[in-house]
Amino acid sequence: MNVKGKVILSMLVVSTVIVVFWEYINSPEGSFLWIYHSKNPEVDDSSAQKGWWFPGWFNNGIHNYQQEEEDTDKEKGREEEQRKEDDTTELRLWDWFNPKKRPEVVTVTKWKAPVVWEGTYNKAILENYYAKQKITVGLTVFAIGRYIEHYLEEFVTSANRYFMVGHKVIFYVMVDDVSKVPFIELGPLRSFKVFEVKPEKRWQDISMMRMKTIGEHILAHIQHEVDFLFCMDVDQVFQDHFGVETLGQSVAQLQAWWYKADPDDFTYERRKESAAYIPFGQGDFYYHAAIFGGTPIQVLNITQECFKGILLDKKNDIEAEWHDESHLNEYFLLNKPSKILSPEYCWDYHIGLPSDIKTVKLSWQTKEYNLVRNKV
């Protein structure tokens, strides 16, 4: 082939390449669709069956890779949604509570609330659930006058060791003399808030006025700081783990001396003139005011209603037999607690240790009333 022929041939090749390239970059699908046309009359230029093997393979490769990424993202999304759902799913009673484990005692009330005894709850399930919730639990305690020096340090020290281990805890300590509060070193996740309260002339008024004080603190700050709140007497000491099995909307404590007695034998307030009045023939259990709790809003309602009854009695010049405890029992008769704690959670060793008390969680201190209630 002469030189002129070679030049013409080269120009034809270059022109062909340019045309091919121009068709490629202007193709809406980004491939060599316009090079290959099917001879099948049923397949027109816009058919997905048109194409060249290399760009078709390349595009399919990209498509498959992108599809895999999309599938992976969707799967991750589903897993994240499932995780969030698992974290927020309400824990059902029968997921963690087995009343048949303690057939010798009352484990379920007439209104289907659990009575928590050692052995009836699955600690692992409860801990797993509440750990995901990242809860904070509050604990209020009053130490007035000599109660500070006789009981406060041992109460808080034992609570630091056994109360809601592994979860955030705020101790709300109410005293009449901040200068007497001992230094107590707390563990991780624990904090200590001290508040000075006005002292009362009589110990009965101290006991009753705590309902007003707790309610005021819940409204002022506690409701924004904790998920659950317990209110306890200071003359007690923790003996074993007092954990998340005790948490609930409203929680009442069985009184150790009365948990086997007939309701007509309970020391309820029996005078009709009192706002705490409970007639014979009524009553479920006798509840101990040394421990009660629940969500902040429920505890607020408990304290406000009890204090209303106390004020009404004062107006009528009457005082309930067991003061705030009488009003608490009247409240729980009308507003059934969602959970009840067995006497194991507040035991008096003076009773002895019967076979149904498996593990004492919290015990009464020796009541030195002549000492601590003399000019408190």
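Keep in mind that glycine also has a Cβ here, set from the backbone N, Cα and C atoms.
Feature annotations, courtesy of Swiss-Prot:
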TOPO_DOM  1-6  topological domain 'Cytoplasmic'
TRANSMEM  7-27  transmembrane segment
TOPO_DOM  28-376  topological domain 'Lumenal'
BINDING   142-147, 233-235, 255-258, Thr267, 367-373  substrate binding site
BINDING   Asp233, Asp235  Mn(2+) binding site
CARBOHYD  Asn301  N-linked glycosylation site
ACT_SITE  Glu325  active site, nucleophile
Cα separation, Asn301 (N-linked glycosylation site) to Trp258 (substrate binding site) (Å, whole number): 25
Densest Cβ neighbourhood among Asp233, Asp235, Glu325 (recorded positions), 10 Å radius: Glu325
C-alpha spacing of Glu325 (active site, nucleophile) relative to the residue listed as 'N-linked glycosylation site', in angstrom: 15
Asp235 (Mn(2+) binding site) and Gln255 (substrate binding site), distance between Cα atoms, whole Å: 15
Winner by Cβ contact number (other Cβ atoms within 10 Å) across the binding-site residues Phe142, Trp258: Phe142
Between Asp235 (Mn(2+) binding site) and Phe142 (substrate binding site), the C-alpha gap once rounded to whole angstrom: 10
Between Asp233 (substrate binding site) and Glu325 (active site, nucleophile): CA-CA distance (Å): 12
For Asn301 (N-linked glycosylation site): DSSP state (helix, strand, coil): helix
For Gly145 (substrate binding site), the three-state class that DSSP assigns: coil
Binding-site residues compared (Gly145, Gln255) - the one with the fewest other Cβ atoms within 10 Å: Gly145
